[in-house]
Structures are given as C-alpha cells and as structure tokens.
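Inspection log for the structure reproduced underneath, given as structure tokens.
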Amino acid sequence: MEKSPRYRDKAKNLLPSPSSCTTTPTRYVKDDMYETTFIRTDPSSFKQVVQLLTGIPKNPTHQPDPRFPPFHSIPPIKAVTNKKQSSSFRLSERRNSMKHYLNINPTHSGPPEILTPTILNFPALDLSPDTPLMSDPFYRPGSFSQSPSDSKPSFDDDQERSIKEKGFYLRPSPSTTPRDTEPRLLSLFPMTPIHSPAPSPHDH
C-alpha cells in the first residue's frame, strides 16, 4: 500500500519543501503529554528539513525580558565615588613624596664606635678586671735557654739521657725515695701460687 504510486504522490504533497515550511506535519499527543512529530522526507532534503525544524527561527516569537539581563552577561563596573578617588590619589602622592626623602646608608663613613658602659648609660656594668698572670707550674727557667757558662745539667737533659740509656722516662719521685734507684716494676700476675690458709679446728 505504501509503495503504490498514488500513495507516493499523496505523501509527497504532504512533505514540506526545503524552501517553504507552510505544510504542517502530523503530530500525535500521547497520554504522557509529550508531543511527538512524524515527518517524511527524501534523503536529499533531510538535512535542510531538520535544520528548519530544530534551528533558531529568523523572527523569534519569544523576546527576552529587558528587566532580567542574560545569564552570561558581565555586570557593569560600579562607578567609584570622587571621595575614594581623591583619597587614593592623595595616598599615592604621599608614597611618591616619601621616596624622595628616603635615605639609607648601609656603610658608615666614620670609624667604628666603641660601645662602653658609659656610652650605653649602664653605670652598674663595669668592665671585668684583668686577670693577674700566675706562675706557670710547667715553666722552668733552664728548660728553654741555658747559658754555656752554666755547667749544671737541667732536668730535660737528665730525662733525655735516661731515655737513651735505660729506656724509660725519668719522673721526679718523692723525697723519701732515693734518686739513684731504678723504679721497681710490679708484675701483673703473681709468679708463685697463692695458697689459702688451712681452716682452723675452731671453725667446725
């Protein structure tokens, strides 16, 4: 039935042409209240028909409300009052004027100033007194320099001679020990066994 020439002519008359859209397509309203439109057209004009039905009309019936600006519009910049402008201008003037009077000298041209308690106005703070020099207990007059006329041998000479001859250091010993005796070497381990004393009969 749909392939008969008579049906084709009838359907062709009902289809809207790309140049004019005066023909109203068939619309069906279902129970769910969603409008459905069925349109038949040939493949060559399908693209133009879709653009005519879904595109933006040349004379839109819906005009935007001028009271409500569009969503993507940029809000206008609020004008700044003259008072704020004058205050900011004065602030910039003060900053510019301060630059001319700013003077920084990181290096001192004169000699360095010595800070003392008097200059710092601290009368309670006094400089510590000099520590008196104490006699060096390790200092011996004849150890560093000895005149050739002095024939008395020094302690260092005796020590060096004893090292070469005896092989040990000579240290000053107490006055009770004779100076000429060699130091007695103590053994770390006993040479003879140490026996414990026999138990007495009173221990039982």
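Backbone N, Cα and C atoms are what each Cβ position is placed from, and that goes for glycine too.
Owing to the predicted nature of the structure, the values given are computational and were not obtained by experimental measurement.
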Of the residues Thr116, Thr192, which is given the phosphothreonine tag by Swiss-Prot? Thr192
Taking DSSP states H, G and I as helix and E and B as strand, how many residues of the motif 'VQ' (46-55) are helix, strand and coil? 9 helix, 0 strand, 1 coil
